Amino acid sequence: MASTTTCTRFTDEYQLFEELGKGAFSVVRRCMKIPTGQEYAAKIINTKKLSARDHQKLEREARICRLLKHPNIVRLHDSISEEGFHYLVFDLVTGGELFEDIVAREYYSEADASHCIQQILESVNHCHLNGIVHRDLKPENLLLASKSKGAAVKLADFGLAIEVQGDQQAWFGFAGTPGYLSPEVLRKDPYGKPVDMWACGVILYILLVGYPPFWDEDQHRLYQQIKAGAYDFPSPEWDTVTPEAKDLINKMLTINPAKRITASEALKHPWICQRSTVASMMHRQETVDCLKKFNARRKLKGAILTTMLATRNFSAAKSLLKKPDGVKESTESSNTTIEDEDVKARKQEIIKVTEQLIEAINNGDFEAYTKICDPGLTAFEPEALGNLVEGMDFHRFYFENALSKSNKPIHTIILNPHVHLVGDDAACIAYIRLTQYMDGSGMPKTMQSEETRVWHRRDGKWQNVHFHRSGSPTVPIKPSCIPNGKENFSGSTSLWQNI
C-alpha cells in the first residue's frame, strides 16, 4: 500500500503568535503568512477530537465561508488540513465587538444605529443571495475591522450556518441563541432565511435602547414571549425614537415569516436609505448607559462558560446551558449558542455502531469487537449469575469456543431502539434483539433478548462501556441434535447472545 504524504502547508507557510480566543475543540491565534508578512487569524481545530458529525459541520463551515466574499463579512483566505488539525485562515479583525465600541463613543445617535444595522443587513443580504442562512446573528458575532473611526462592521462565525435552495423552508433543527431565536424555530416549524431577519430585529431594538425586546428569568416564559411577539416600545426611552425606526423593527419582528421583511427590502426602508433626513441625530446617552450594563451581563456569562471549559467541565457546562423548553433557567445564558440540529443523526449514529457491534459478534470477529468495546467493559448478563463482569476475558471465551467455530448463518434484527443522548459524548440505547438461525435439523429458530448498552465517545470514536442483557443463563448440557453453542433446552439465549 502506498504511503500517504502528510500535508505541512500551514506549518511551512504560516507563523503562529498569541491566542485570540478559544472554543471546545478549537483555538484562534494570530498568524502571519511568511512569504508576504500579511497577518491573519487562524482557527485551529483539533480534528482528533471530532466525531463524523463534527467533521461534516467543519466541512460545511469551510464551504460556506469560501463562498462568501463581502466587505461586511469576515473572509476566509485559506483552509488547510494537516495531521490531527485543520486550519481556517480568516481576516484578522482588530476592532473588537461592535457593541463594545458603541459604549466607548462620546456620541451615539439613532443615525449611527441606522448605519450599523445597514452594514449588518448588507452582510445578511449577501448571505441570502448566496443561499446561506447564518442562524446565529447576535452581538458577539458582530465585529469591527479595526479600531479606526468608521471601521466596517464584519459578520463572523458561520459555525451554525446552513445552505438552502432559494426560499426553501425546512426543519434544519433547533439552533441559535435563546434571546435571538425566531417564533418558527421555537414552534419547530419549517424555516429559512427569515430567521436571520428576526434576529436583526432583536439586534436593532438593542442598538436603539440598550436592552433586548424579549427577556425573562424563566426560559420557558422567554420562549412564550417570542412566540407571541410580545414586545413593546415603553416610555420614556422609546419616546425619542422616530416612528420610522419603530416601523422597521415591527417589520423585522413579524411573527409570520412569510410576511416578515427581507434583507433586500429592509435596505430600501426610508430609515436606512434616507438616514440623513429620517433618522434622529440626537445623542442617546440612556442607550449607551443601558448598553454598558447589557455588555457587562454578556461578558459575565462568557466568563462563566470559559471557566467551565478551562476546568474541563464542558459537558456539565453544556447541560446547564442547553436546558429543554420548559425548564426553569435564567436567561443569563441567553448569549450562549444552542444547537440540537443533528439529534436525529446522532441517534442514528448510535444505532449504527450498535449494529456494527452485533455484526462483529455474529461473525465471531473478536478483533472487530474489541475495537468497538472499551477494554474495561462492564456487563450484567444471565451467564454471570447476577455478578458484574468487567473486562474482555469473559466475552473472549465465547468468541474462541463458539462464535469463531460456527459456520451457520445468523441474522440479527434490532427492534424498537430507544436512544438517550447524554451530552455530546455519551449515549444509552435500549432495544429488543431478535436473532434468527438454523438449528441442527435445518429448522429456522428465533430467539429474543432485551438489551441496554451505554456508549462513550473517545477521540471521535464510540465505544461500548457497559451493557445489560435480560434472559435465562445458557444451560451447558445440550441435546445431541443441536450444534454446540446454539441453543439451550428451553430455547432461550444462545452463546452468540452472551456478549
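FYI, residue positions are counted from 1 along the chain as it appears here.
Every residue, even glycine, has its Cβ placed from backbone N, Cα and C.
Under the heading N-acetylalanine, Swiss-Prot lists Ala2.
Under the heading domain 'Protein kinase', Swiss-Prot lists 14-272.
Taken from Swiss-Prot, the feature ATP binding site applies to Leu20, Gly21, Lys22, Gly23, Ala24, Phe25, Ser26, Val27, Val28, Lys43.
If you look up Swiss-Prot, you'll see Asp136 marked as active site, proton acceptor. All protein chains shown were included, and the count of other CB atoms within 10 Å of the CB of Asp136 (active site, proton acceptor) stands at 24.
Under the DSSP three-state reduction, Thr287 (phosphothreonine) is assigned to helix. If you take the C-beta of Thr287 (phosphothreonine) and look for same-chain residues 6 or more apart in sequence within under 8 angstroms, you find Tyr108, Leu207, Leu208, Val209, Gly210, Glu237. If you look up Swiss-Prot, you'll see Thr287 (among others) marked as phosphothreonine.
Marked as region 'Calmodulin-binding' by Swiss-Prot: 291-301.
Annotated phosphothreonine per Swiss-Prot: Thr306 (among others), in sequence order.
Annotated phosphothreonine per Swiss-Prot: Thr307 (among others), in sequence order.
Feature annotation from Swiss-Prot assigns phosphoserine to Ser315 (among others); the stated evidence is similarity to another entry.
Taken from Swiss-Prot, the feature phosphoserine covers Ser319 (among others).
Summarising the annotation, Swiss-Prot assigns phosphoserine to Ser330 (among others) and lists similarity to another entry as the type of evidence.
Sequence annotations record features per position, and here Swiss-Prot assigns phosphothreonine to Thr331 (among others).
Taken from Swiss-Prot, the feature phosphoserine applies to Ser333 (among others).
Under the heading phosphothreonine, Swiss-Prot lists Thr336 (among others), citing similarity to another entry as support.
The phosphothreonine annotation in Swiss-Prot covers Thr337 (among others).
What Swiss-Prot lists as phosphoserine is Ser404 (among others), and the listing cites similarity to another entry.
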Whole-number answer please: how many Å between the C-alpha atoms of Leu20 (ATP binding site) and Asp136 (active site, proton acceptor)? 21
DSSP three-state assignment (helix, strand or coil) for Lys22 (ATP binding site): strand
Cβ atoms near Val28 (ATP binding site) (within 10 Å, other residues, all chains): 17
Expressed in Å to no decimal places, the gap between the Cα atoms of Ser26 (ATP binding site) and Asp136 (active site, proton acceptor) is 18
